[in-house]
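J.: Let me give you the structure first, and then I'll get to my questions.
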Amino acid sequence: MRAYNFCAGPAALPTAVLEKAQQELLDWQGKGLSIMEMSHRSKDYVAVAEKAEADLRKLMNIPENYQVLFLQGGASLQFSAIPMNLLGKNSKADYIHTGIWSEKALKEAQRYGDINVIEAGTSIDGKLAIKNQSEWNLSQDAAYVHYAENETIGGIQFADIPDVNVPLVSDLSSSILSAPLDVSKFGLIYAGAQKNIGPAGLTIVIVRDDLLDQSRSDIPSILKYSAQAKNGSMVNTPATYAWYLSGLVFEWLLEQGGVDAIHQVNLEKAKLLYGYIDSSDFYNNPIAVPNRSIMNVPFTLADEALEKLFLQEAEENHLLNLAGHRSVGGMRASIYNAVPLEGVQALVNFMDTFVQKHG
């Protein structure tokens, strides 16, 4: 049987998607070869790539004045690519700091421009939270404002889209496609694929057309959004198999009823898990309710000495990858789109049994 996988990334993929990929692995649609052996410039592959983009545009309702790029290097490469693409005419940017990933992004950006860091973390009744925008010290003349919509490690998420009068840039790696989003409020959205999109190796960048001519002159051509847009994300050979698999995930999402439908399931999963944690004296979540992530749920045990046993028994119950990030410890359940409600119910049942045995 397939286990329930709570890994933060590379993460669970829908079983139906893996089964389709398995069927097509050796002989893609009767062509006598695997899609991973196919030229990225062949008519067949270009059709697969174009359909994946069209389906993503449909799922996210992406306006026509935005380019959708299928790139490589992970979201971490975008930490450099974004300032190099957007700070050519104005070297100032605001970065909102709420956790480990937004910190990595701002530290990289500091190599390329004059970065104003907004410390937006706070606490409410001892729980971590994000300050109201009225308390941020935003610049008047920034080229853009950057934030990480959902901090994968900390499990802290913005309750609203920031309202700024310059282009808004967001790392959506762990929350893309989990809830409806008004793309028109953003100048640029980026996301590593290996959480809610597909396998590792692919990175999605959605960028508004008017931002394509803002790059620095010393930018490597492979990182230049305008060049990638002009060449259909094929300045060099793209991550063809990851692109194809992501396309299968987009098809699967459309079959589920799209982002609105999957969002309802995600809310149900989060309500079930947080509800159980809050009702327990043994488990604790460190995040204030308004800023709890619906995708990444960190929690601690009342007795830290039981952590190894918890993970061991969870694995015996086919519940995998529940250890928290190495930088923070504790536990973390990542409940992305591909993790079914039954998986979260199985986790809650196990957590309850564990307390009765060891709590």
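From the backbone N, Cα and C atoms, a Cβ is placed for every residue, glycine too.
Checked Swiss-Prot, it gives:
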- R41: L-glutamate binding site (BINDING)
- A75, S76, W101, T152, D171, Q194, N236, T237: pyridoxal 5'-phosphate binding site (BINDING)
- K195: N6-(pyridoxal phosphate)lysine (MOD_RES)
J.: Looking only at C-alpha atoms, tell me how far the residue listed as 'N6-(pyridoxal phosphate)lysine' is from T152 (pyridoxal 5'-phosphate binding site), rounded to the nearest Å.
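T.: T152 (pyridoxal 5'-phosphate binding site) has its Cα 10 Å from the Cα of the residue listed as 'N6-(pyridoxal phosphate)lysine'.
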J.: What's the CA-CA gap between N236 (pyridoxal 5'-phosphate binding site) and R41 (L-glutamate binding site) in angstrom, rounded?
T.: 11
J.: Of S76, T152, D171, T237, which binding-site residues are close to the residue listed as 'L-glutamate binding site', meaning a Cα within 10 Å of its Cα?
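T.: Final answer, ordered: T237.
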J.: Looking only at DSSP and grouping its letters into three states, which state does T152 (pyridoxal 5'-phosphate binding site) belong to?
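T.: In the DSSP reduction, T152 (pyridoxal 5'-phosphate binding site) maps to coil.
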J.: Near the Cβ of A75 (pyridoxal 5'-phosphate binding site), how many other Cβ atoms are there if near means within 10 Å?
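T.: A 10 Å sphere around the Cβ of A75 (pyridoxal 5'-phosphate binding site) contains 27 other Cβ atoms.
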J.: Starting from the Cβ of K195 (N6-(pyridoxal phosphate)lysine), draw a 10 Å sphere and report how many other Cβ atoms land inside it.
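T.: Its Cβ has 30 other Cβ atoms within 10 Å.
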J.: So, three-state DSSP: helix, strand or coil for D171 (pyridoxal 5'-phosphate binding site)?
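T.: Looking at the DSSP assignment, D171 (pyridoxal 5'-phosphate binding site) belongs to a strand.
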J.: Considering all pairs of residues in A75, S76, W101, T152, D171, Q194, N236, T237, annotated in the record as contacting pyridoxal 5'-phosphate, what is the maximal C-alpha distance expressed in whole angstrom?
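T.: Taking every pair of listed residues, the largest Cα separation comes to 30 Å.
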J.: Out of S76, Q194, N236, T237, which has the highest number of nearby Cβ atoms, where nearby means within 10 Å of its Cβ, if these are the binding-site residues?
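T.: Per the Cβ count within 10 Å, the most buried is Q194.
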J.: Taking the Cβ of W101 (pyridoxal 5'-phosphate binding site) as the centre, count every other Cβ atom within 10 Å, in any protein chain shown.
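T.: The answer is 21 other Cβ atoms.
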